[in-house]
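Here's the structure we're looking at; comments come further down.
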Amino acid sequence: MKRVVVLGSTGSIGQQALEVCRLRGYEVVGLAAGKNLEALSRQIALWKPRLVAAEESLHKELKARFPGLRLATAEEVAALEAEVAVAAIPGLAGLAPTRAAVRTGKRVALANKEAMVAAGPLLWREAEAHGAEILPVDSEHSALFQALLGERREDVAELILTASGGPFLREPEDLAQVTPEMALRHPRWRMGPKVTVDSATLFNKGLEVLEAKELFRFPLERIKVLIHPQAYVHGLVRFVDGSLKAQLGPTDMRLFIQYALTYPERAETPLKDLPIPGVLEFLEPDLKRFPALAVAYEAGRRGGLAQVAVSAADEVAVEAFLQGKIPFPRIPEILARVLEATPIEPLTWESLFAVDAWAREEAKRWA
């Protein structure tokens, strides 16, 4: 029986990962969560994990509900003996647990794009030193991973990420009118609040461009974004002969989570009628309407700590927007200001965490 650790178990990806584990009959040996007491309690009762990590404020109540429960840090949960760790703690808070999982040599099903964006070269160095696998969970990166299988690297001309365009692709004309409630209504995907807002600004796609750059170790200038409102084509690989290879499928994250858990096998799943839309549109992104995508590309050109800084600043800016402190168009403005002020230094674990802390404070100044 495959043993799995789920980091970020009460979030959207974490809960869907547990659904997949239940369907596949896997053993969940560790859970790491935040402050959602009721959801975590249900998971503990169902899975009876060996170790659990949660915010310290929950410890007393968890001990009262589950007297024999062993509490630990997220890093300790990540280091448990298991075949796979699902790394789904959002933001840079998920970086240290992801690193801990990689250092134990297990497969890491990576849903935390910020970890790869901020620390890609460092994580790959750790993975190669410890014999770990890093497989993508993001639908677009899983699509590219699948489309690249069996292909020679020198035959690949471009990697193409698709974006639905979010809820504001065409309206309202004035994005200053956008409220948090409007931004949290994504037309296609079931996701957590932060990534839903990032999808609305297209910064999520910018992070995915940077993730693809680091995950596939591929030149930034050959990674493209196309708006695809139907969200049925998840990623395309363009080859030097002009041909394209695409991965298509329904907008169900469980498929991509499952693939990261079962690869190289595909688990048999009940098939439904093919829901192929009548029309598949592909449009160039409007960088004037969605400048956050342009900021991400600029961070990628600078590389290293610039990617750390914009990722950290975005967490602060999105939270400020959700709290009603700043208007929607202010998010990319804050990212651009922080990027311009980012120091140029070599990327190390020490400089990464230092710039992460600096960028958050810098973003708060502008928020």
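Cβ coordinates come from backbone N, Cα and C, glycine included.
Residues or ranges marked as NADPH binding site in Swiss-Prot (evidence: sequence analysis): Thr10, Gly11, Ser12, Ile13, Gly34, Lys35, Asn36, Asn112, Glu114, Gly192. Long-range neighbours of Asn36 (NADPH binding site) (same chain, six or more residues apart, CB within less than 8 Å of its CB): Thr10.
The 1-deoxy-D-xylulose 5-phosphate binding site feature in Swiss-Prot is assigned to Lys113, Ser139, Glu140, Ser164, His186, Ser199, Asn204, Lys205, Glu208. When secondary structure is read from DSSP and collapsed to three states, Glu208 (1-deoxy-D-xylulose 5-phosphate binding site) falls in the helix class.
Every protein chain shown contributes to the tally, and the Cβ of Glu208 (1-deoxy-D-xylulose 5-phosphate binding site) ends up with 30 other Cβ atoms within 10 Å. The Mn(2+) binding site annotation in Swiss-Prot covers Asp138, Glu140, Glu208 and rests on sequence analysis.
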Can you name every residue in this chain, apart from Asp138, Glu140, Glu208, with its Cβ inside 8 Å of the center of the Cβ atoms of the recorded Mn(2+) site? Lys113, Pro136, Ser139, His141, Ser142, Ala143, Leu161, Lys205, Glu211, Ala212, Gly235
Are any of Gly34, Glu114, Asn204 (the binding-site residues) within 10 Å of Asp138 (Mn(2+) binding site) when you go C-alpha to C-alpha, and if so which? none
Cα of Gly34 (NADPH binding site) to Cα of Lys113 (1-deoxy-D-xylulose 5-phosphate binding site): how many Å, rounded? 18
Hey, does DSSP put Gly34 (NADPH binding site) in a helix, a strand, or just coil? coil
Length of the line joining the Cα atoms of Glu140 (1-deoxy-D-xylulose 5-phosphate binding site) and Glu114 (NADPH binding site), in Å: 15
When the binding-site residues Ser12, Asn204 are compared by other Cβ atoms within 10 Å, fewest goes to Ser12
